[in-house]
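Data first, discussion second: the structure below is written as structure tokens.
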Amino acid sequence: MLKTIQICSIIISVLTFLVIIFKHKRNTYQKILLLIYVISLAYYSSMIFMIKTGSIINYPHFWNTGTPINYLHLATFMIFVRSIVKNLKSPKKLDIILFLLPLASLINFVPFYLKDLKFKTSHIRYLIENEDSVFYATESLIPAYWNYLFQFALGVIFSCIAIFMILKVIKLKEENNFKSEFIWLICISILMLLGNLAAFISLFFDSSSLDTHSISAYLFALYIIIIFSYPFFEPKVLYGALVDVKQKISGRNENKTVFITDDLENYKAQIESFFNLEVSYLKSDFRQDDLAKFLSIQKKELSQITNLLYHKNFNQLVNEKRIDVVLKKFADSEWLNYSLEGVSLEVGFKSRTTFIKAFKEKTGITPSEYKKMIS
């Protein structure tokens, strides 16, 4: 039974990884973090499977690679949550520091990595036959017990911080559509908190009366199945697009869709959330087809929706959202020293003239006049 569950957890991890590679539409930084998170869990689950089945003896050089990967999984999750909450598009200093955790763990196991094949095979065979001895292994720079203690404590701390950060953002957001973006992260954080807390506490008790190793393997496999099954029922998590169930009724004219009021409200929430979360519209090659695909609707329907909701065509709407970004950057004094050509390129305008025209339509004055006014 355990083998079946573990194999299922590995399969669903790989499937999730592939879907993210080919279908995920969020910014590149968040996509990379999500891929690292998924593949690190898949690898760690594979290592547990190999240990529980004894097949790790055939690949002794992989022993003690699971712990650094687990640190990578913890660090990546923390960084991914930060990137979502703060809408980051590149790593900050804290993120780089967190990535040093798995590197430090790798260095910790260098003494074992340098051992010969005979020693590794004999050592692994002994630990498989005497599972509790894994906590008292001394082949690393830091004793195994303290390493596990720190690892589980870090998991508790990271999950608590993640929950706090996500809840704080949810309270600041009014759109229910936006709140649903964080359900998956909240579930992961809570399960991660409970799992690491239980593992941390178990280190202080004798496991002779209870097979904690098998129980932990079961729970970890179920954890992966749960957290990677949810996104398949909530496509926006995997695809990075706000894909909600949309109701619509067709009029007599087959070329025109008639939308009821609730439909329009749902679409508006999706479009606004898209412009809040995505960055692809700031690229010069962004097209109406791209937004239609993100929202899982047809191009002609998107044209109708933008006209009905915003009384603008698609280009006018996108240009307005781009100008909103410029105004925010000007308010933060980030782009005040940029040339008009530089600013226009940053937000996807192909020409300086189009940028100035769009800016004046939004504010009533030119960018140069606006910069002088706020300086």
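Using N, Cα and C of the backbone, Cβ positions are placed for all residues, glycine too.
Copied from TrEMBL, the annotated features are:
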- 6-22: transmembrane segment (TRANSMEM)
- 34-57: transmembrane segment (TRANSMEM)
- 69-85: transmembrane segment (TRANSMEM)
- 97-114: transmembrane segment (TRANSMEM)
- 148-170: transmembrane segment (TRANSMEM)
- 182-203: transmembrane segment (TRANSMEM)
- 215-233: transmembrane segment (TRANSMEM)
- 272-373: domain 'HTH araC/xylS-type' (DOMAIN)
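Mean pLDDT across the domain 'HTH araC/xylS-type' (272-373) comes to 89 in this model. Here the domain 'HTH araC/xylS-type' (272-373) is broken down by DSSP into helix, strand and coil counts: 72 helix, 0 strand, 30 coil. Same-chain residues lying 6 or more positions outside the transmembrane segment (34-57) and placing a CB less than 8 Å from one of its CB atoms are 2-3, 6-7, 9-10, 13-14, 16-17, 20-21, 24, 26, 63, 65-66, 69-70, 72-73, 76-77, 80, 121, 124-125, 128, 213-214, 217, 220-221, 224, 228. Pairs of Cβ atoms less than 8 Å apart link the transmembrane segment (69-85) most often to 148-170, out of 6-22, 148-170, 182-203, 215-233. Taking Cβ pairs closer than 8 Å, the transmembrane segment (148-170) reaches residues 67, 70-71, 74, 77-78, 81-82, 85, 101, 135, 179, 182, 185-186, 188-190, 192-193, 195-197, 199-200, 203 in its own chain, all 6 or more past its ends. Tertiary proximity for the transmembrane segment (215-233) is limited to same-chain residues at least six positions away from its ends with a CB under 8 Å from its CB atoms, namely 2, 5-6, 8-9, 12-13, 15-16, 38, 41-42, 44-45, 48, 52, 183-184, 187-188, 191-192, 195, 198-199, 202. When Cβ-Cβ distances below 8 Å are used as the criterion, the transmembrane segment (6-22) is approached by residues 31, 34-35, 38-39, 41-42, 45-46, 48-49, 52, 217, 220-222, 224-225, 228-229, 231, 238-239 of the same chain, each at least six residues removed from its ends.
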